[in-house]
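Q: The structure is given below, and queries will be raised subsequently.
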Amino acid sequence: MSETTPESTAAAVEADDATQLPALVAFDLDDTLAPSKTAMPEPMAVALRLLLDQAQVCIISGGQIKQFRDQVLAHLGATSEELSRLHLMPTCGTRYYTHAPAATGDTEDDWTLVYSNDLSPAQIEEGFAVVEREARRLGLWEEETWGPVLEDRGSQITFSALGQEAPIDAKRAWDPTGEKKAMLRDAVAPYLSELEVRSGGSTSVDITLKGVDKAYGMRRLTEVTGISLDDMLFVGDRLDPDGNDYPVKALGVACHAVGGWQDTVTFVTELAARLAAQRLSTQEA
């Protein structure tokens, strides 16, 4: 099975046209599994558990592992067996966690860091300085924020214009067209030639090692799971060319676009049922 290059983006497979059911389903987090920086709703948790009973599942996002714990794990209610099929890839796959239950049977924090591709202290220091300088120059540095604007995520620097804890409505209103993020990204990138600078979430710009995006995370996922990209499906809300999910589509992975977590619930519930029917048919054959 050959890997599709970014040059063949136009031929990227749409999930709705795919006849083969996936062995692994990967999800974006914010606005795909849950509202931005908000707990995963119960209907989504139910649907995700149904899927975990049938397939491997990965969550890949620009956020830190704490965001995964707070938004997803604390509300998922999955069994240890289901969690064994869950893969967590914070900061676009530069970190990878698997579930390793402790002897106590506690499934709250039993997650093992398998690998981490961290930035150096010098890269983080320079990144902070350049982003703040350019944001101030462009008039994009807000003085009144909800939490820190710049965050060291180890393997990623994140600029959040309104702070890490900004309410959803304020974030959506700040840059509805994405023009501000694009302006800051384009201003910062020439000064950080060793690093990758790209638009992130609704108010964020992310900085990682060169070549690191969600496509990088998906490629690493094939290495650690042994599952081919052709046997994976990606679900996200930003698969448009300017979206942070687009690199996965450009890679040639089958993708399904959603407009929010409600869409995801419907799609995942139907997919889990199809996978269950396929398994039953195979057992009866």
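Just so it is clear, glycine is given a Cβ too, placed from its N, Cα and C backbone atoms.
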Q: Hey, TrEMBL has Mg(2+) bound by Asp28, Asp30. Any idea which of Asp230, Asp231, Asp237, Asp240 it lists too?
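A: Of the residues offered, the record points to Asp237.
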Q: According to TrEMBL, Ser204, Asp206 bind alpha-D-mannose 1-phosphate; identify which of Arg136, Arg137, Arg153 is listed for that same site.
A: Arg153
Q: From the Cα of Asp28 (active site, nucleophile) across to the Cα of Asp237 (Mg(2+) binding site), what is the distance in angstrom?
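A: The separation of the Cα atoms works out to 7 Å.
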Q: Please give the maximum pairwise Cα distance, in Å and rounded to a whole number, for the alpha-D-mannose 1-phosphate-binding set Arg153, Ser204, Asp206.
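A: If we measure all Cα pairs in Arg153, Ser204, Asp206, the largest is 13 Å.
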Q: Fill in the CA-CA distance, Asp206 (alpha-D-mannose 1-phosphate binding site) to Asp30 (active site, proton donor/acceptor), as an integer in Å.
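A: Their Cα atoms are separated by 15 Å.
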Q: Using a Cβ cut-off under 8 Å and a sequence separation of 6 or more, which residues in the same chain sit near Asp30 (active site, proton donor/acceptor)?
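A: Same-chain residues close to Asp30 (active site, proton donor/acceptor) (Cβ under 8 Å, separated by 6 or more) are Ser36, Lys37, Ser61, Gly63, Gly201, Ser202, Asp237.
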Q: Round to a whole number and give the Cα-to-Cα distance in Å for the pair Ser204 (alpha-D-mannose 1-phosphate binding site) and Asp28 (active site, nucleophile).
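A: Taking the Cα atoms only, Ser204 (alpha-D-mannose 1-phosphate binding site) lies 15 Å from Asp28 (active site, nucleophile).
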Q: Measuring Cα to Cα, how many angstrom lie between Arg153 (alpha-D-mannose 1-phosphate binding site) and Asp28 (active site, nucleophile)?
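A: Pair distance, Cα basis, whole Å: 18 Å.
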